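See structure below.
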Amino acid sequence: MTITPQEALQRTIEHREIFHDEMLHLMRLIMRGDMSPVMAAAIITGLRVKKETIGEIAAAATVMREFANHVEVQDNSNFVDIVGTGGDGSHTFNISTASMFIAAAAGAKVAKHGNRGVSSKSGSADVLDALGVNIDLQPDQVAASIAETGMGFMFAPNHHPAMKNIAAVRRELGVRTIFNILGPLTNPAGAPNQLMGVFHPDLVGIQVRVMQRLGAQHVLVVYGKDGMDEVSLGAATLVGELRDGQVHEYEIHPEDFGLQMVSNRTLKVENAEESRTMLLGALDNQPGVAREIVTLNAGTALYAANIAESIADGIQLAREAIASGKARAKVDELVRFTQQFKR
C-alpha cells in the first residue's frame with residue numbers, strides 16, 4: 001500500500017517516521033514532477049522540522065541516484081569523492097577542490113561532484129571555471145577525464161536533471177531541507193570511498209550511517225568544531241568513519257599530525273578569483289595556512305581512498321605531492337584535457 005502525500009505530511013506533523021518503501025515512492029513522485037509544489041514544500045519542510053532519519057535519507061538518496069545521469073568508471077580501486085554539504089557559512093576558499101588535485105597527484109582517482117556557490121562565495125564549479133577547466137562535460141567525457149587524468153568534475157545540473165522539478169520550491173522556501181544533505185550522497189560516478197564534510201555536528205553520525213546503508217566502502221564524514229565542513233586547523237574535527245562495514249566515531253586535532261592549530265579566518269574569500277589565487281598558492285607550496293589545511297584534507301582523502309594506511313601517512317604523501325610540483329601540474333593537466341571538449 002503506497003502512502004499518499006497527504007498521509008506523509010500527517011506523519012511528519014506527528015513526528016513519526018516515513019518508512020523506506022514509502023519514502024522511495026514519495027521521492028519518485030517529486031523527482032518525476034508528479035507531486036504538486038505545495039505538497040512537496042510541505043513534506044520536505046515537515047521532514048526538516050521532525051528531523052530526517054537515517055532510513056528516510058538513505059531512501060531519498062537511492063531515488064536521486066536512480067534518476068541521475070551516471071558516469072561509468074571501469075576501475076573502482078582508490079576511487080574517492082571529496083565533497084562538502086556546504087552551508088557552513090565559513091566562506092573559505094575551495095579546500096576540497098584543492099585537495100582533489102593533491103590526491104590525484106598522489107595516485108588516487110577523484111570524482112568530484114559539485115555546483116556553483118549557493119551558500120558560499122565560490123562553489124567548486126566557480127573556482128574550476130576560474131582556473132580554466134571546462135566544467136560542462138557529458139558523462140562519457142567525465143569518465144574519460146578520470147581515466148586519463150585521475151580527476152573528473154561532475155557539474156551537478158548535468159547529472160541530476162530531475163532536480164529541476166523541485167528547484168523552484170527549494171528556492172522559494174529558502175531554508176535547508178533534505179536536499180541540502182543529499183548532494184554528497186549521490187555521486188553520479190558511484191565512488192565507493194569518500195571524504196564528506198557536513199555543516200552540523202549531528203550529521204556526522206547520520207551521514208556515515210546513511211553511507212553504510214548505501215553500501216559504501218571507506219568513508220570519513222567530518223565536521224570542524226569551529227563550524228567548518230572540512231577537516232579544520234582551527235579546532236578539533238569530529239569524524240565518523242565507515243570501514244569494513246563498521247562505523248567508528250572519534251575526534252582528531254591538528255596537533256595529532258604535527259600541525260599547529262591556527263584560525264581559519266585568513267582563508268576567507270569574496271569570490272572565485274580570490275579562491276583561485278589562494279588555491280594555486282597552496283599548490284605552489286607557498287608556506288601558510290592555506291597550504292596546511294589542504295595538506296590536512298588531502299591527506300585525509302588519501303586515507304579514505306586507501307592509498308594511505310592512516311591520515312598521518314596521507315598527510316606525508318600530500319606534502320610530497322605539493323613539494324614535487326605534481327599537484328600543481330594536475331591543474332594544468334585537467335584544464336588541457338577538458339578544454340578539448342569545449343562546445
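A Cβ is built for glycine as well, from the same backbone N, Cα and C atoms used for every other residue.
Feature annotations, courtesy of Swiss-Prot:
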- Gly84, 87-88, Thr92, 94-97, 112-120, Ser124: 5-phospho-alpha-D-ribose 1-diphosphate binding site (BINDING)
- Gly84, Asn115: anthranilate 1 binding site (BINDING)
- Ser96, Glu230: Mg(2+) 1 binding site (BINDING)
- Arg170: anthranilate 2 binding site (BINDING)
- Asp229, Glu230: Mg(2+) 2 binding site (BINDING)
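Sequence-distant neighbours of Arg170 (anthranilate 2 binding site) (same chain, 6+ apart, CB under 8 A from its CB) are Thr177, Phe179. You'll find the Cα of Thr92 (5-phospho-alpha-D-ribose 1-diphosphate binding site) roughly 10 Å from the Cα of Glu230 (Mg(2+) 1 binding site). Taking Cβ-Cβ distances under 8 Å and a sequence separation of 6 or more, the neighbours of His113 (5-phospho-alpha-D-ribose 1-diphosphate binding site) in its chain are Asp81, Val83, Met154, Ala156, His159, Gly183, Pro184, Thr186, Asn187, Pro188, Ala189. Distance noted between the C-alpha atoms of Ser96 (5-phospho-alpha-D-ribose 1-diphosphate binding site) and Glu230 (Mg(2+) 1 binding site) is 8 Å. Secondary structure from DSSP puts His113 (5-phospho-alpha-D-ribose 1-diphosphate binding site) in a beta strand.
Nearest neighbour of Glu230 (Mg(2+) 1 binding site) by Cα distance, taken over the binding-site residues Gly84, Asn115, Arg116: Gly84. Each of the binding-site residues Ser96, Asn115 was scored by other CB atoms within 10 A of its CB, and the lowest score goes to Asn115.
The CA atom of Gly84 (5-phospho-alpha-D-ribose 1-diphosphate binding site) is located 6 Å away from the CA atom of Asp229 (Mg(2+) 2 binding site). Note: the CA-CA distance between Asp229 (Mg(2+) 2 binding site) and Asn115 (anthranilate 1 binding site) rounds to 16 Å. Secondary structure from DSSP puts Thr92 (5-phospho-alpha-D-ribose 1-diphosphate binding site) in a beta strand. DSSP classifies Glu230 (Mg(2+) 1 binding site) as coil under the three-state reduction. Residues near Arg116 (5-phospho-alpha-D-ribose 1-diphosphate binding site) in space but far in sequence (CB under 8 A, at least 6 apart, same chain), listed by position: Gly123, Ala125, Asp126.
Cβ neighbour count for Asp229 (Mg(2+) 2 binding site): 29 (other Cβ atoms within 10 Å of its Cβ, all protein chains included).
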